[in-house]
Amino acid sequence: MAINVIINGINGKIGRVVKENITAQSDLELVSGTGRQDDLAKTIQTTHADVVIDFTTPQSVFHNAEIIIQSGARPVIGTTGLTLEQIALLDKQCRNKKLGAIVAPNFSVGAVLMMKYAKEAAHYFPDVEIIEMHHSQKIDAPSGTAIKTAQMIGEMRSSKKDEPFKDRARGEIKNGIPIHSIRLPGLFSHQSVIFGSNGETLTIRHDGMDRNCTMPGIFMACRKVMELDYLVYGLENLL
């Protein structure tokens, strides 16, 4: 039986790409698409949606996720902006409802592997900085992927305070790691994690060329979320 899917944010840039690609997935049925003016809860109920893919805005994503869970569907969220406290609250709601949810700062499998390898490298290289580069329309900085990468690396290191540099050009500190953000036309989605040690450096880099790079991860999440009864944060936890 096919999984009934709603795309929330269907008129957005990535929502349109998901719509174009989902028809090729024989086990996923697009039953509706919603936007800012639509009643999401009512749409979930009338379409009997199993999964809602959310690519909306940082301002609305937490409210959207609560609506999805309370309406009995499973959120697959690619919208950035959720805090760790909000993610914990959503996980509690999922467990109460026995519903799965997936929140991923990046649905690109390549980007997730980059984060995974960076975490492994942190065993051997204590000094690291992150450079993330995106198109000029990207709203948030640092990116959700960069913040998640810093969190994963931070798990392998002794605790470091997020004390800001006196010189702001040295970047914003997350989990004790400097992050540098670049926003320019001509870029899409790029991140380098640069480790340094005596006499050597190690760079782990991912380049996303367009939004199609996220499609395999999004559709994998739609399938995996049906097997869960709690929230999973990060696509790396599904690989």
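Just so you know, glycine gets a Cβ as well, placed from its N, Cα and C.
Under the heading NAD(+) binding site, Swiss-Prot lists Gly9, Ile10, Asn11, Gly12, Lys13, Ile14, Gly78, Thr79, Thr80, Ala104, Pro105, Asn106, Phe107, citing sequence analysis as support. The active site, proton donor/acceptor annotation in Swiss-Prot covers His134. What Swiss-Prot lists as (S)-2,3,4,5-tetrahydrodipicolinate binding site is His135, Gly144, Thr145. Under the heading active site, proton donor, Swiss-Prot lists Lys138.
Structure with Swiss-Prot features highlighted.
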residue: Gly9; record: NAD(+) binding site; Cβ contacts under 8 Å, 6 or more apart: Gly15, Thr34, Gly35, Asp54, Phe55, Thr56, Thr79
residue: Asn11; record: NAD(+) binding site; Cβ contacts under 8 Å, 6 or more apart: Gly33, Gly35
residue: Lys13; record: NAD(+) binding site; Cβ contacts under 8 Å, 6 or more apart: Arg211
residue: Gly78; record: NAD(+) binding site; Cβ contacts under 8 Å, 6 or more apart: Ile14, Ile53, Asp54, Phe55, Ala104, Asn106, Phe107, Thr214, Ile218
residue: Thr80; record: NAD(+) binding site; Cβ contacts under 8 Å, 6 or more apart: Pro58, Val61, Pro105, Asp140, Ser143, Gly144
residue: His135; record: (S)-2,3,4,5-tetrahydrodipicolinate binding site; Cβ contacts under 8 Å, 6 or more apart: Arg183, Leu184, Pro185, Gly186, Leu187, Phe188, Ser189
residue: Lys138; record: active site, proton donor; Cβ contacts under 8 Å, 6 or more apart: Arg183
residue: Thr145; record: (S)-2,3,4,5-tetrahydrodipicolinate binding site; Cβ contacts under 8 Å, 6 or more apart: Pro105, Asn106, Ala111, Met115, Glu132, Ser189, Gln191
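Each of the binding-site residues Pro105, Gly144 was scored by the number of other CB atoms within 10 Å of its CB, and the largest score is that of Pro105.
Reduced to three states, the DSSP call for Gly9 (NAD(+) binding site) is coil. For His134 (active site, proton donor/acceptor), the same-chain residues lying six or more positions away in sequence with a CB closer than 8 A to its CB are Ser143, Ser181, Ile182, Arg183, Leu187, Phe188, Ser189, His190. The 10 Å shell around the Cβ of Phe107 (NAD(+) binding site) contains 26 further Cβ atoms across the protein chains shown. Annotation note: Thr80 (NAD(+) binding site) sits in a coil segment as assigned by DSSP.
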